[in-house]
């Protein structure tokens with residue numbers, strides 16, 4: 001019997017990340033540094049370890065709404081070009097250190113205007129941080145490609161403006177659009193104008209759906225909004241039955257929505273640890289990730305918010321390995337799923353799969 005993969009082994013594997021929030025992945029030390037530099041005095045702790053613990057425990061709240069509350073502190077220290085550049089640069093460094101070779105990072109420009117920056121200045125600062133981080137990592141022998149998704153908050157009314165922002169920057173590092181925030185009372189159909197604008201410009205978008213809210217959210221995101229991917233989408237399990245008895249015991253039966261999702265190969269940006277924190281699932285072992293993977297949905301592994309969940313890609317993969325016994329071939333499949341689903345051109349996706357991911361996994365598999 002093959003020994004289970006250890007965390008340090010998984011660290012060596014190339015990874016592709018599709019769902020990670022810039023304002024949810026700051027280093028605790030950076031939060032403290034920028035707070036001191038900018039005069040923000042609202043932090044709940046002044047010690048690095050205490051602050052990290054506060055973010056983790058406060059985010060383990062059991063609901064999406066309470067999970068989102070700690071973001072007020074990270075957003076508060078991301079209100080200058082210098083702060084945004086630093087956070088973006090360090091994001092690239094941290095991902096590359098974890099052997100991530102491709103990442104799409106998202107954030108909501110509308111949350112960073114408190115000190116007078118325009119949306120374009122905000123995006124420019126983040127992309128400059130990404131570019132400088134990529135150069136530094138390449139020079140250090142850890143090449144990585146990082147692209148940006150601009151997010152509109154679903155409770156606000158600027159989604160069309162953010163969609164226009166995505167198109168203005170589409171050839172400079174922005175590869176798509178997203179809506180995020182509390183799902184309850186904020187259906188994706190409120191933002192049809194933004195999604196129509198993206199389609200009119202042949203652009204890609206993902207939608208947070210099926211995280212805290214159920215099947216109606218997923219149905220609207222796919223049927224009415226035309227999402228290319230689903231942020232989370234974990235509640236699609238509500239449309240899947242595993243027969244408990246009879247001659248077909250154990251057989252999986254999909255409802256119509258689940259069938260459409262699988263048939264159209266719509267990627268699921270699954271974030272296991274985050275889903276436990278928000279109460280979407282009780283534990284990693286209870287997460288429907290394995291059911292969805294075995295049923296051949298296009299599942300991907302993601303971090304969501306590295307600071308709030310005290311996580312990183314290797315840890316997310318290791319937790320899935322511990323829960324479901326996955327081996328190298330499984331992790332390779334999930335990684336290729338993510339790379340196939342990226343919002344960069346086909347030839348660029350294929351090059352990373354064929355020239356980076358497959359060769360490095362071939363060495364690991366042996």
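Cβ coordinates come from backbone N, Cα and C, glycine included.
On a predicted model such as this, the values are computed, not experimentally measured, just so you know.
Swiss-Prot lists 19, 21, 208 as binding Zn(2+), and of 304, 310, 330 the one it places in that same site is 304.
Comparing residue 19 (Zn(2+) binding site) with residue 232 (site 'Important for catalytic activity'), their Cα atoms are 9 Å apart once rounded. Secondary structure from DSSP puts residue 21 (Zn(2+) binding site) in a beta strand. Of all the recorded positions in the list 208, 211, 232, 304, the shortest Cα-Cα distance to residue 23 (substrate binding site) is found for 304.
Taking the Cα atom of each, residue 232 (site 'Important for catalytic activity') and residue 211 (active site, proton donor) are about 6 angstrom apart. Sequence-ordered, the extra residues of this chain that approach the Zn(2+) site, with Cβ no more than 8 Å from the Cβ center of 19, 21, 208, 304, are 20, 24, 106, 180, 231, 232, 269, 271, 274, 302, 305.
Each residue in 22, 24, 68, 71, 106, 107, 108, 111, 151, 180, 305 lies on the same chain as 21, 23, 181 and has a C-beta within 8 Å of the C-beta centroid of that substrate site, without being one of the site residues. Calculated from their C-alpha atoms, the gap between residue 208 (Zn(2+) binding site) and residue 181 (substrate binding site) amounts to 8 Å.
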